[in-house]
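Per TrEMBL, the features are:
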type     : residues  : note
TRANSMEM : A:9-27    : transmembrane segment
DOMAIN   : A:95-305  : domain 'ABC transmembrane type-1'
TRANSMEM : A:99-122  : transmembrane segment
TRANSMEM : A:134-162 : transmembrane segment
TRANSMEM : A:182-202 : transmembrane segment
TRANSMEM : A:241-266 : transmembrane segment
TRANSMEM : A:286-312 : transmembrane segment
Amino acid sequence: MWKTILRRVLLMIPQIIILSLFVFILAKMMPGDPFTGLINPQTSASQIAQIRQEAGLNDPWPVQYFRWVGNALHGNFGLSYQFHKPVIDLISERAVNTLYLAVFSVILTYLISIPLGIWAGRYQGSLIDNSIQFYNFVSISVPSFVWYLLAIALFGFVWHIFPTSGSVSVQASGFIGVTLSRLYHIILPGVLIALMSTAGNIQYLRSGIIDNQLEDYVRTARSKGVPERVVFNKHILRNSLLPIAAFFGNVITGLLGGSVFAETIFSYPGMGKLFIDSVQARDYSVMTALIVMYGFLTLLGNLLSDIIMSIVDPRIRID
Amino acid sequence: MAEKEKKQKLDSEGNPIISEPPTGLKVIIREFTHDRTAMISFSIMVFIILAAVLGSFFINPERYTTINIMTQWAKPGTDGLILGGDDSGRDVFAELIVGMRNSIGIGWAVAALIEIIGIVVGLTSGYFGGIVDNILMRITDFFMILPALMIQIVVITIVPKFSIWVLILMITALGWMSTARLYRSQVLSQVNRDYILASKTSGTSNFKIMFFELLPNISSLLLVDITLTFATSVGVETGLTFLGYGLPDNTPSIGRLISFAQDPVTITSYPWSWLPATLLLLILSLSVNYTGRALRRAADARQRLG
């Protein structure tokens, strides 16, 4: 068990190194440097040159790379040019908002996908199954921003049911007031994100149930006279839920990463919106930091999925 | 119907072949005649592509380039504008047709490039196996963890000479991984079969085995995957353009039309500027994906309807 996890973590190290090199090269290609945030119109050219010299921006690239990695490990990604504050503070402010949205939509994703997946698998070929399969097909096929846009146009601008921007209303006061206002802002984007991310879960659960129904242990249970309800709940369902449990890590990072469109369209001040705002303002230090973070989050998500998988399914452990 | 008659004829002629295994195009045609939705999807897809490609020849470029204050936000049907005017008085209908053609062109270019990369990587990886496979798959894994959308946006903003080709290469560079994996898994299922081993024993070169013996046997995948990849690429391109990082501002595009829907006034008062493009993208995505699924069923003997 621990061997598997250790091995998996060791495999991650080269990926992190290549990711950091890749982002470093990308950052070097961008105009500006981490000190762009310090420079104002009064700064003279010689001062800039001095700052650059002191910061070691004239050092050879390998030296700069290791210094950058060292700083990044200490959470130092430079200053934001747009907001004049450390990038890491800026990101952590916005990360909270994205986290709320992601938690809401992850919970909802499972609340929707598990019952639908069970129905589709249990009543394979029925009208329910066909409708669920159709919903799956639509959610995979159409780019998600089309739905976000149609939803905000209808529910936000035409019918005025939900707010169209922000994460919390300015009038909200008190803990309960603020929480309710937050929830109110999250509902529309959260529901849509959840509706768009159920396909994988439903598909895995459905085919899991269909395949497991034909397994020998299910036939044995039935022939022993185990009631059908128990056969389904204890034998078929439990085994079909394994891949979904393992998928958890990827679902979380997918939701964190896929937030760019949702947050832009719903003007929700999270990390995805921060990224688009930074690109528009050419705020390169924020852009670089966000790419590193998203790449790292994906790696962590994969790791989490593999660990869960090795916990729930002993067959894949390496000993 | 035609299928049945043909079969009966064969029998009455006293042909020893009782049933001929359906192959290639025949299977596809049979699959589509058995699934009405697939037939409708295919027709809609062909109609949209033809309308966009042929229609754009008949549209005077002035209609979507000239700024005309008189037709700013003109209502549909006025001034000879079928779908009205946009923020600078350009013809929305002309923009829609030409924009669709641009998106379709980019989509096919990306899909073709992705298939080429996918076939080369997948074949090499699956055929040689061992260390070659390991290295190629680790590279694929690495590309999978990259935040694709963000890197596309960043590269598009820092490339000094931005053109449609940069966009195409960018979408390709971050979208080939699943196709390569798909081909690899198919090659792995073929590589230990007798015909490959026989060919190896008789000294055929690796290149010839890979591209002239292995590839034809997994070629049914190509049609399926290129269709689905096309749909995805159109989605990625319109998404990028919608955010403002795809096609340049003066190029008519579906994404730009959709991006009119970013302020309350335009959304509620001038729906003709963004709604047709949004619905067109919706319909195109659904029909292309459904066609792709029907093709996939046709390629997999266990899933066929007919």
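Note that the numbers count up from 1, one per residue, in the order the chain is shown.
In case you wondered, yes, glycine gets a Cβ from its N, Cα and C as well.
The stretches the transmembrane segment (A:286-312) and the transmembrane segment (A:9-27) are in mutual contact, each linked to the other by at least three Cβ pairs under 8 Å (pairs 6 or more apart in sequence). With a threshold of 8 Å between CB atoms, the same-chain residues lying at least 6 positions outside the transmembrane segment (A:134-162) that come near it are 116, 184-185, 187-189, 192-193, 195-199, 202-203, 258, 261-262, 265-266. Non-local neighbours of the transmembrane segment (A:182-202) in the same chain are 100-101, 104-106, 108-114, 116-117, 120, 132, 136, 139-140, 144, 147-148, 151-152, 155-156, 162-163, 166-169, 244, 247, 251, 254-255, 258-259, 262-263, 265-266, 268; each lies 6+ residues outside the stretch with a CB under 8 Å from one of its CB atoms.
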